[in-house]
Every structure is written in structure tokens, then in C-alpha cells.
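Inspection log for the structure reproduced underneath, given as C-alpha cells.
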Amino acid sequence: MNNMKKLLIIYLFILSIFSYSQEKRLALVIGNSNYEKGELKNPVNDAKLIAKTLDSLGFEVIAKYNLSTKRELLDVIRDFGVKRESYDVGFIYYAGHGVQVKDENFLLPTKEIYNSELDVQDFGVSVQSILRYLESKTDQVNILILDACRDNPYESNWNKTRSLKGSGLAKIPPPTGSLIAFSTDVGQTAADGKNENSIYTESLAKNMLIENISIDQVFRNVRSEVLAKTKGTQRPVEATQLTGNSFYLVQSNYEIQFKKAKELIEKKEYLEALNISNTILQIDPKNIKALLLRANIYQGDLNQFEKALLDYEKAIEIQPKNANTFFCRSELFENLKQYDKALLDYNKAIELAPDNSIYYNSRGKLYENLLKQYNNALFDYNKAIVLEPNNPSWYFSRAYLYQFSLELYENALTDYLKVLELNPRSSGATNNIGLIYKDYFKNNEKALEFYNKNIELAPTDPLGYSNRGDLYHFNFKDNTKALADYNKAIELSSDDANYYNSRGQLFQELKQYDQSLADYSKAIELNPKESNWLFNRALLYEEMEQYDKSLSDYLKIIEIDPKQTNAFNNVALIYKDYLKDYKTALEFLSKKIESNPKDPMGYRNRGFLYQNQLKNNEKALIDYNKAIEIAPNEANNYFYRGQFYENELKQYDKALLDYNKSIELEPKETEWLFARAFLFQYSLKRYDQALSDYLKVIDIEPTISNTYYNVANLYKDYKKDYEKALEFYTKQIELTPSNPIGYSGRGDLYRFNIKDYTKAVEDYDKAIELAQDNASFYYDRGQLFEEAKKYDQALADYSQAIELEPKESSWLFARAFLYNKLKQYDRALSDYLKVIEINPRDKDVYYNISLIYLDYLKNNEQALKYLNKDIELNPKSSFGYINRGDFYRSYQIDYEKSMLDFNKAIELENNNAEIYFYRGVLNTFNLDNVEKGLSDFNKAIELDPKNASYYNRRGILYRVKLKDFNKALDDYNYAIKLEPNFNEAYTNRAILYLFNLNDVDHALIDYNKAIELNPEDIEGYIYRINYYIKIKNYEKALEEADYVIKKDNKKPQPFYKKSLIYDNQNKFLQAIIEVSIAIQKYIENPNPDNDILDFEEINLLDLVDLYLYRASLCKKINDLDSMCVDLKNALESIKDNPTKKKEIEFLIKENCKQK
């Protein structure tokens, strides 16, 4: 039954009832049955009947049963006596064993032992204990009923009757203001009875409810009925000393009964309320209020509609012009879905009482909620307001219509504010105003203000807490406050499934799956036929990867509500995504389409299945087109097809058209804008448009963190605006501080672009803290540690990544590369071979294995084998030929084969700038074919004009080979413009300034910049030593060299530089010492990283050159023997250079004695 209308019906019942008597009534009811000896059947039942009767008569009842000890009995009597002071009427009823000893009456507790009369006196309770409380209220009404006429138990054995032989209880004179009643006369006993209640008690309870008879008449009626039913064997008696006017238990026109019935209905004790209406109708069969009350209970609470209809018809027969009867019967017809009859009854009620605003309001509800005739509803609400303009309920009804049916939110707000003007304590109005501000005006602060007001007005109403919880949850994103409100709602209404469902959703969002599951399950327990709760739990099970349980819930939904077609859809998704049973998935999607062929979602999802799993693009496109045909104004359909065009068919222009259509239909939908931005960014390379769309997304919905991440990537990679990139990465992190991707992206920015190693590590650390099972984060941090030469930490991270994803070849490759760098060649080789097992076509791994064999295992044959293997597995890839060409150039000094491989690579991929670059190096620096080398560098730049490395290398050609220093400077400048953090370009430009342009100031600036960009790279310091030598600042030059040696004492270069410094200072002996160390380091570490360039950074020095240099130093100190030793060492070290060999032989001949 509609709650509002139920309240109105009850209100109409109460309108005609006089105000309830204000006298305060207190009753004590005691029933003792379970005696150790002489157990009685009915006293407890009798006491309960009397207690219920007294309760219905407005008494506050103290009811106690089977009091086992004297102390318990006295405590109850004392409690009554203390409370009696505050009441106008006192009523005591006792049923159980009672005996007299020496003319004094005793009431017997059930578990005391009575072996003598002294025991009765000591352990029984004298009736005088009760009388003393009655004697103190001589001017009020006091009633004592003793249904305990028992024989002395020592005269015979106890049995299950209320009397044996003997004289029963002694007669008691009542105090002034009192009435004392006995269930039978002196000298008689009262039988315990064979039924549930004794004859005396049944009669007493019935007569107590009769309206408008005095208490004296009640006991006269009881005596007559008991005498008749016992054929004179039991005669109840009473003695009275009541004063003042006659006392009536029920004096008004069923005032108490109707009030009690109303209270029982509110407590949902419908059968008890029904008993009251039946009792009234037994006495007064034509009582209209009782008929309507009973009909109301039948129809609204017991769902006995036929009985209700009979009562209404009888009421109309008795009073055919009673508008209230027709009004109440309309509710019955509504329940029976006989809306035409309901409308006729409303019309009749209004015809009979045209000025009754209640009837218009209720008819408006019928029009609004059931007939969906909103204009008629509005007419009736308007009429109700005209009739009663100061009734806030009618404004509330109209506001509700405006809000939820007509969507006229401003009108609704105006009416709700009028409600509050008339009734400032209307919690319903504050609640609904909160909803309007939240959902329509998007004003979260105002919504919160009214929700707070709602809770202030109705602190025990769970709805206010639930709605405020939703606001905190979905709008403010304050999960702590949301949870507190949901908890409070449940505390106040622990049987409302909605609140458990809401809290379950929050717990699910927080990944607190056990709590979420418990809440969803509780909601289902409370309302097992509500498919929404099952649906949410099924979704949770999916998220928990418990797909069998999820599937079970979805199938229950289909069983409960076959029209819930989304269940078919989600069953299909489980079969598709998790069980990989695409045939069954297709079956359920087809069932969804059959169940609801006008729903485009079925076609979209089936199209997705065809596209991605069944690889049937033709059918996929048919389904996507069908979805659009069914719902051409639904943006989602174009979005799905756009995704299909973008990701599957690579038809980016068509994808763009579909995204444009989605945005045209829903210009404020961020998902469509985000998709188009993504297309612009990653497929169409239209970065400015991508940025524009992302910024629109942020403008519409500033809390979507992924948008900030992608904007940051655009600023970093395309705009090269690292400050802006940092701003957007940081904003992404602020929005979702528990999302590790933001820290990872910002860590990359700090690492690669800003060059802030410390902050990069901090961000990588945080990403790992948040996602300890994400192997890529360990890999990224490992790369950073490796760059920082923290090799142990790098190895630990690579190993952790491998442990998490042992089949990911990238992690193995990185660790192998590091092992290689650490000269742990066996481990490096082992990891590389594992890479090949996982990914035999990895184009890098064969080359790196070949380098191990070349540089460290000195096995050129094996190296060539792996280079050949790469080409064999990837014959159409230019990469293998590039690597082998470089091998022939650098290791076998077979420039012809090198050229063949570079040419082959160009044949396979003639637009690959890298190949021309490598061939340019071969032509320029190995074949000394500078013209062709220049041509190749130019081609590389033509193909990749944004590659700074190509300009840098061409600048070296101009400086070293062509001595065209201006062009060299132009190339270095452009390389730096393209890549402002390209430290190698700064170094080369510094060399040019220092040795060719004689601009030592700019040289120092560039040396410093190179070091600033990569302060951990000691090569920059080695190069800068030349500057200090050049300007003859030998002290600073030595300081720089010592710094490098402290950082890495295995490199020969700084020792060679120190030798040059001492040579320039004519400190030849110290120069010899330093170059000797350089020679030793060179021999110990034959590594390309240890190559030594001459002073002007033009020619590469080898071991022969170092011996010759030391020989020249020995000659300067006239140590000819040592000189000759070095000349001979040089001669023995020379390879494949006959010209230099002859020069050395000549020097030996001229300077050394022949032995």
C-alpha cells in the first residue's frame, strides 16, 4: 500500500475519535504455574490474557510469570509500589497458588519448599505486602484481583486443580479507594480449567473491554457468566470501598481501541489490530469506523482483498453517502490494478465532498503513479492547494510530480521551498531539494547543505544518511564520509536491502571485496527476488575472478526475471572473456537480441565478439551497422563502430567520422572526446587536435585522471614542454594517488627529460609500492639504476621483474645486457639464450650475443654465426644486415662485405635513415670516401630530419675530414636545437670551439653544459681536461683528471691526459709514469669504452701509439734503452699497417744499437 495514502486513511479514522483520556494507569500482572508440587496449567495463560487486555485499555503493564522465590515476588510488588505514586489508577491481578495460614493470605512462589505452616509464613508473600500500597491511595482507584483460591497444601497432596478440600483464601476487607475481587467465594475453590484459560479469566477479559460499563458492572457480569457456566459451583465475589464517580475501563466511543489499533498497524502487528476491529464489530456490527479499519487491514497488510471488498460494500450499504468509504475503497481497487474502478471511487468521494483536499491529492497520485496522466495529476494537485493553500503536503506532492515525472526542476524547487516555509521541519523536502541540487543543478555544496539539514530534522531516518553517503561517494569522492553515512543508514534500518547494496558498491570500489560480498549477500538475503542485488553481486564475483559464482548469479537472475536481458549479455561476456567459450558467448548474445531485438547493446556486443574473438569482420560490421540502424541517435553505437574502424580495419578516417558523430550527438560525453583525442594522438599524429580534445575532456570532467596522463605525454613527447608535462603528471597523481601509472610516467619525465635522478627514483619507488606485482615498474627502475651505475640494485630489479613475468623477454634482455656490462659474460649469454627460447625472432638478441663472442670471448666465428642466424630467421629485415655490416666494418675490417650488407639493408628498406647513417660512417671513417660518406649522411638527414645524432656525426665529418668548421658548427648547433639535452653535441661543439675556432670561452661553456646534462658521465670531464691543458691551467687539468680517476680508475684516458699535462710542464718522468699506467689499463681492459683519442680529438690512438708516445718521453730524458724497448714493443704490436711499421723500423735503426 502506498505509505502516504495509508497515513491519510488512518488520519481519517482518527478525525472522528475524541481525544484519549489523560488518566495514567498502571497494572501488575503475575501468573505462577510451574510449581514443584501441584503444577497448574493456566495461571500463566490467564495472566497473559489479562496483561494483553489491560495493555489495550491504556495501562502500563508490569507482567511477570513463574516467580520462583519470595525475593523475586516481593521485588516485583515493590517495583509496582514505587511506580504507583505517579499513576492515577492501580490494578493488580494474581493467578496461581495462594493459601491462608491463621486467617492471613499468602501468595506462593513456585520453587520454595513448604514443609510446614512456618515455611509458608517465611517463604510465601503476604497479601498485606500489596495492600499497603493500596492503602496509601485512598482517593484514587485501586483494584486487586486474586485468582488464587487454593486449599492449604498440607491438608492433602498438590494436584493439577486450583482447589482441593478446605476453605480457600481468607476474606480481606478492602482499604478505602479499593476493590478486591476473588475468582470464587470464601469456602469455594476455582478449578484450573481444561482449556487454555480459566472460565473466570475468559469472562473477565471479555467484560473489561465492553464500552461504557462501570468496573462494578464488569464484576457483576463476570459473576453471572461464571455461575451459569459452572452451574453454581463457582461464585466470584468482590468487596469494594471505591470512592468518587463510577470508574469505567472503556468509557469513550472505542477511543482506546481505535488508538491501539493504529499503534499496532504502525508496529506491523496486523492480526492484533484485526482482533480489535472484530471485537468492536461483534458488539456493534454497523460501526463504520471499525468496518473501514478492518477493510484497511485486510487490503493493505494481509492482502485479503475479497474480505476487504465485502467490508467496504457493507459500509456503503449502511452509509451510501459517506465519502470516506469510497476514498478508502479506491486503494483496494488500486491494489487489484482495477484503476478504472479506483478512479470512479475517487470521483464519487470528490462528488460527495468536493471541498476535501485530501481526495484531490490522492486522485492526483493515481493519475501520476499508475495512469501516467501527468496533466490530470497536476490539475488535482493544484486543486488541493487552492482548497488548502497552507498544507505543505500538497505542495510536496506537486513538487514530486515536477521533479520525477515532468522534470521541471526549477518548479519543483520552488514548491519544496514553499513546503519548508509552511513546515520548516519537513525532512522529505530537504532530502529532495538535495537530490535536485546534486543531479540537476550539479551544485554539490548546496546538495550537502540540504542533506545535512535533512539529517538534522530526521536523525533516525536512514534515507538521509544514504543519500548523503551517495553524494560523498560519487560526487565528493570522500569514501571515508560515505562509509560512515552508509553505516549509519544500516544501523537505523538493518533490514533495508538498499543500504547494504549501496555500501557494497563502495566496498567494491575500494577493493574491499569480502565486505562488499557480505553486503550484497545480505541485501539478497533480505530480498532474494530483487534481481539488482544479484546483478551487483555477480559483477563483484567477476571482479574477484570467481566466474563460476558470477555465472550462477546471472543464471538466477534469468530465472527470476527473464526480461532482464542484461543478464544474458553478462553471461555472454563471462563465456567470452574468461571461459574463452566463444560459441556459448555467441549463443547468449543471440538470446539477448531475441529477447529484446530493439536494444542496440546486443548487436554492439555481438559485433565486438565477431571482431575480436571470432575474427569475422564482415559480421562484426553488420552488427555495428544494425545497432546504428536501430538507434541512430545513440552516440554509443557510433563509438563502437569507430573503435572497430580504428583498431581492426585501420580505417582512421572512417573512425574519425564515427567519433565526430558520437560527439555531435553527445558533445559533453568525455568518453567520445577521449577516444577521438587518442585517435589524433596515436594514429593520425595530429597532436594539436589531440591536445585540444583532451583539454575539452578536462573542462567537462576534471577528475578523469587518464586525460591528464595523456596530456602530459603530449607535452613531453610532442611539445617538448617539460614544465607543462610535469604539471599534468602531478595533477594526475593528485586525482588518483593510488594509481601507479602517474608516478611511472612522471618518473620517466624526471629520468629522460628533466634529468632529476633523485625524483625519478622516488616516483619509481612509489609506483612499485602501489603495484608490487607490476614487472614493468621494476624494469624501469632497474634501467634508471643501471644508468646511475647502481648495478646491484639494477640487477635486483631486473631479477624481480623476471620472477614476476618469467616469459617476458624484455626483462631477460635487460638483465643480460647488464651482465654483459658487468663482464659476467656467462650469465649474460645464458639470459640471451633464454630470450631466444621465448622469442626466436628478437632482432636485438643475436647481435648482442655476437658482441659477447666478439669482444669478450674473442670468437669471431661464433659471433658471425649469430649474426647470420638473425638474417636467416629475419631475411626480410634490414636490421640483421645492418648489424653484420657493422661487424664486418668494426671487427673483421672487411669493408667490402660491410658495404655489401649495408647495401642489402638499403635494398630491403630504402627509407631507413639509420642504414645510410651506418654506411656514411663506413665511407667516411673507414674507406676515407668522404664524398660518399657525406652523401649518405645527407640522405639519412633527408629521411629523418629530426634526428640530432645524424647532424652531430656529419658535423664531425665537416670538422675532421673537410675542415669546414662553419658547417660543422651549423650541424652541431642544429643537433642541439633538435635535442637541447644532447650532451655529445655540446662536447663536439666544445672541441670545435677549442681547437678549430680558437674560442676558448664558448668551448668552456659547452664542456660545462655537457657535464651539467649528464654529471654522472665521466667522459665529459675527460674531454674538459683538454680545455685546461689548452689554456695552460695545468693545476685545474690535473684536478679534473684525478677526479675522473677517483670515479673510475680502470679507464686509461685520464692517465694519458695526465701524461700530456706533465709533458707540457716538462715533467717528463712523471709523464712517463702516467702513460705507463695508461698502457697497463689499456692492456687490462681492451674495451671500446676505453678508446683514447689524441689531444685534438681527431685520431683514435691504439697501443702502438701509446708505446711510441712513451718512447718519445724516454728520449726527452735521454733514457735511450727504455726508448728502444718501447719502439720494439710498438713494432711487435703493429698490425696491418705497413707504412707505420716501416716508420718504426727506421726509428729503431737510427736510435737503437743492434744486438
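Residue numbers in this text run from 1 along the chain shown.
Each residue, glycine too, has its Cβ placed from N, Cα and C.
Note: TrEMBL annotation is automatic and uncurated.
These features come from TrEMBL:
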- 23-153: domain 'Caspase family p20' (DOMAIN)
- 289-322: repeat 'TPR' (REPEAT)
- 323-356: repeat 'TPR' (REPEAT)
- 497-530: repeat 'TPR' (REPEAT)
- 531-564: repeat 'TPR' (REPEAT)
- 706-739: repeat 'TPR' (REPEAT)
- 775-808: repeat 'TPR' (REPEAT)
- 809-842: repeat 'TPR' (REPEAT)
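Secondary structure of the repeat 'TPR' (497-530) per DSSP (helix as H, G, I; strand as E, B; remaining residues coil): 27 helix, 0 strand, 7 coil. Each residue in the repeat 'TPR' (531-564) has a pLDDT score, and their mean in this model is 92. Taking Cβ pairs closer than 8 Å, the repeat 'TPR' (775-808) reaches residues 740, 744, 747-748, 751, 757, 760-761, 764-765, 767-768, 814-815, 818-819, 821-822, 838, 1016 in its own chain, all 6 or more past its ends. Through the fold, the repeat 'TPR' (706-739) approaches residues 670, 674, 677-678, 681, 687, 690-691, 694-695, 697-698, 745-746, 748-749, 753-754, 770 of its own chain, all at least 6 residues removed from its boundaries and within a Cβ separation under 8 Å. Residues of the same chain lying 6 or more positions beyond the ends of the repeat 'TPR' (809-842) and with a Cβ under 8 Å from any Cβ of it are 775, 779, 782-783, 786, 791, 794-795, 798-799, 801-802, 848-849, 851-852, 856-857, 873-874. Secondary structure by DSSP for the repeat 'TPR' (289-322): 26 helix, 0 strand, 8 coil.
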